[in-house]
Ligand code: SAH
Ligand code: SF4
C-alpha cells in the first residue's frame, strides 16, 4: 500500500530518494512542489526527471484525506471533517485571529485518556494518526486558503484536536519537524503549541527535544482528589509526578508553559480552587500562563455546566491579584461544535442511525 508522502521529514525524503537511485538534491525540489507550490499530482513536478516522478508515484500518495463536511461559523471559524483511507473520521479547525490563521489538528482517532468532560474521550482510541495524516490536515486547510487567492498562510498551529499527542509521540514529533522545516511550510516553532493531558514521562522527552515549540498542560484542577475525579490520567500521573516534570521542562527550556483550566460550574471554579492554584504555581509564576477556558457543553456529559460569568471573573481576579499571568480564552465556533471531538461524535452517531 502507498503511504502519504507528507509523512517524511526532509532528511527522510533525502534518504529515501538516495535509496531509490535518485540524487539527494531532488528532495529540495520535491519539497518545493509539495509545500511551496502545493501541487496535487506528481506529473506537475516538471523539473524532476521522469524516472524520479515514476518512483515517487509508485510509492506515495499525494493526499489521503477526503473532505466530508465543512462547517463555517459566524465568526469565520471553519471546521473540516476528513475521512481517512480506512474510513475513520477526524476533525480539523481553522481559526482566524488578528495575528493570522491558526489550525487545530487531530493526532489520534479517539482518545484513551477518557477525561470525563471531553467529547473525544467518549470513543476510545481506534488508532494513531501517521505524521503524514497530521501534516495533510494543514495542507488541506492551506489549500483551502490558497483557493481564495489572497495569499494567506497558516501561520500558527495548535495540537489540540482529537487525541493525546504524547500518546502518539514519535509521529507528533515528526509532524512538528516537517511543518517547521524551512524547506517546507516553515511554520515558526514559537507559533506552534502542543497540548497534553500530562503524560509526565513524555514531558521529560519533550523537554529534551530541543524544539522551540510551546507546551500547554491541561491541568483543570489544583489538587489530586479533584483532578482524578475529572481526569482519570491523574491516577497514573498525580501532581507529585506532574509538577517535577514541569519543573524539568522549565529548567531545561526556559520557555513559558501554559496551564489550561476548564471552568466547570460548581466543580472546580470556587475561590478555594483558585487559591490552591495560586499556591501550586507561585514558585514558577514567571514562566507560567493560565488559560481559563469556558466549558463547551457536550451532550453526553450532562453532569457538567459552564461556570457563571461571575465565577469566571472572580477566579481570574484571584489569580491576577496573586501575580499569576492569566487570561480567559475567547471562544471560536461554538455554533458549529468546535470543541474537539464534537462534530466527529455527532457524525458517527448519525452514521450509526443510518445503518
Ligand atoms: N489531549 C490533549 C489535547 C487535546 S484536548 C489535552 O487534553 O490537552 C485540547 C484542550 O481542549 C484540552 O485542554 C481539553 O481539556 C480541552 N477540552 C476538551 N473538551 C472540552 C470542552 N468540551 N470544552 C472546553 N475545552 C475542552
Ligand atoms: Fe483525550 Fe485531551 Fe479529551 Fe482528555 S481532554 S479525553 S486527553 S482529547
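Just so you know, the numbers here start at 1 and follow the chain as drawn.
Cβ atoms here come from the backbone N, Cα and C positions, even for glycine.
For 91, the entry in TrEMBL reads active site, proton acceptor. According to DSSP, residue 91 (active site, proton acceptor) sits within a strand segment.
Positions annotated as domain 'Radical SAM core' by TrEMBL: 97-329.
Sequence annotations record features per position, and here TrEMBL assigns [4Fe-4S] cluster binding site to 111, 115, 118. Within 10 Å of the C-beta of residue 111 ([4Fe-4S] cluster binding site) we count 25 further C-beta atoms, all protein chains included.
Under the DSSP three-state reduction, residue 195 (S-adenosyl-L-methionine binding site) is assigned to strand. Long-range Cβ neighbours of residue 195 (S-adenosyl-L-methionine binding site) (same chain, at least 6 residues apart, Cβ-Cβ under 8 Å): 158, 159, 160, 165, 215, 216, 217, 218, 260. According to TrEMBL, the feature S-adenosyl-L-methionine binding site maps to 163, 164, 195, 218, 219, 220, 296.
Sequence annotations record features per position, and here TrEMBL assigns active site, S-methylcysteine intermediate to 340.
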Rounded to a whole number of Å, the separation of the Cα atoms of residue 118 ([4Fe-4S] cluster binding site) and residue 296 (S-adenosyl-L-methionine binding site) comes to 9
Check the Cα-Cα distances from residue 296 (S-adenosyl-L-methionine binding site) to the recorded positions 91, 111, 115 and tell me which is shortest. 115
What is the separation, in Å, between the Cα atoms of residue 111 ([4Fe-4S] cluster binding site) and residue 219 (S-adenosyl-L-methionine binding site)? 17
Can you list which of the binding-site residues 115, 164, 195, 220 have their Cβ under 6 Å from some atom of ligand 2? 115, 164
Integer Cα-Cα distance in angstrom, residue 164 (S-adenosyl-L-methionine binding site) to residue 115 ([4Fe-4S] cluster binding site): 11
Near ligand 1, which of the recorded positions 91, 164, 218 are found, taking a Cβ distance under 6 A to any of its atoms? 164, 218
Residue with minimal Cβ packing [other Cβ atoms within 10 Å] among the binding-site residues 218, 296: 296
